[in-house]
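Novice: One structure is given below, represented as structure tokens, and several questions about it will come after.
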Amino acid sequence: MFRNFDADFKRSHYERFIASEMKRKIFFMVLAAVCLTPLISSPIALAMGFALAVLMGNPFEKHLHNSIHLLLQISIVGLGFGLKLDEALHAGKTGLLLTIVSIVTVMVLGYFLGKVFKLESPLSYLLSAGTAICGGSAIAAVSPIIKPSTKQISLALAIVFTLNSIALFVYPAIGHLLNLSQEQFGLWCAVGIHDTSSVVGAASKYGDESLKIATTVKLARALWIIPVSLITMFIFKSKDSKIKVPWFIGYFIVAIILNTYCPFFDHFSTFITVAAKSGLNLTLFLIGSTLSVQTLRSIGLKPLVTAVILWVTISVGSLLYIIQ
């Protein structure tokens, strides 16, 4: 009798668990679908994802990492259909000097801050590269070269994504406060915000012209992964490492060329760019859903202070240069 009762209790408990898990998955998918509509802005999508992670947990967390990167890359390529080649070239030239100076400044400052705060060399380098170039992509690119521990990679990514989330709300507010033009804000986003997803998210919140400039300058900046990786191989004396090249940038350039020289795409470019913006919102929702209170608690004070100093330096320095 007691055995039957125990078996029935376990079966009932298991069934309730399955039902609860199914409800979480359905609710997650409903929110994801809502983020694809024009009703939700990029910052709100990120906040929704984070709130979901805190309140209910992410039922798909183990399966999202590759999906997030793929969706982001597809969305960025789609944004290329909203640009003409002359616009892209102009934006790239405008941000070239600022890009070079900011990358060198952050990498050098990061080295000295690592010494001051006595951070482990790989962690210090990950934070510097992530801030200087393009956040998580740069961290992923240099990691095979400097061979950090899994904990160091996770810590660097957690810090970068946390600051990215803050930037998504803070940058547009400061832009409006200082009455920055579309061009000024787009350039500032591309230089001052770590990850491409948050750059595009903040710029799209500010305006379409800002979005075009920010996307182009940021992707041109991302190509600096290649020379920085080569220098990293020399510094860390790693000869057997492979450099991860962000190949999707090539598809972005192809999209711009097609949109410029192929009249056929004139009929579809608006639809593609709208779909790309929706895809970006979904990407930010998914990124937010991977953050958690536990992740934030795992961030140590010294690495966080180092990353904040680097971020404030590049943000304030680039802003002062742009508004001159």
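In case you wondered, yes, glycine gets a Cβ from its N, Cα and C as well.
As listed in TrEMBL for this protein:
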- 26-55: transmembrane segment (TRANSMEM)
- 67-83: transmembrane segment (TRANSMEM)
- 95-113: transmembrane segment (TRANSMEM)
- 125-146: transmembrane segment (TRANSMEM)
- 153-174: transmembrane segment (TRANSMEM)
- 219-236: transmembrane segment (TRANSMEM)
- 248-265: transmembrane segment (TRANSMEM)
- 271-292: transmembrane segment (TRANSMEM)
- 304-323: transmembrane segment (TRANSMEM)
Novice: With pairs closer than 6 in sequence left out, are the transmembrane segment (26-55) and the transmembrane segment (153-174) joined by 3 or more CB pairs under 8 Å?
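Specialist: Contact criterion met.
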Novice: Sort out for me which stretch, of 67-83, 95-113, 125-146, 219-236, 271-292, has the most Cβ pairs below 8 angstroms to the transmembrane segment (248-265).
Specialist: 67-83
Novice: What same-chain residues lie close to the transmembrane segment (67-83): Cβ under 8 Å, and 6 or more beyond its ends?
Specialist: 196-197, 200, 208, 211-212, 215-216, 219, 248, 251-256, 258-259, 265, 268-270, 272-273, 275-277, 279-280, 282-283, 286-287, 290
Novice: By a Cβ-Cβ criterion of under 8 Å, what residues six or more beyond either terminus of the transmembrane segment (271-292) are in contact with it?
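Specialist: Distal contacts: 28, 31-32, 35-38, 40-42, 45-54, 57-58, 60-61, 64-65, 67-68, 71-72, 74-79, 81-82, 158, 161-162, 164-165, 168, 197-198, 200-201, 204, 265.
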Novice: Mind pulling out the one from 26-55, 125-146, 219-236 with the most Cβ pairs under 8 angstroms to the transmembrane segment (304-323)?
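Specialist: Going through each listed stretch, the top one turns out to be 125-146.
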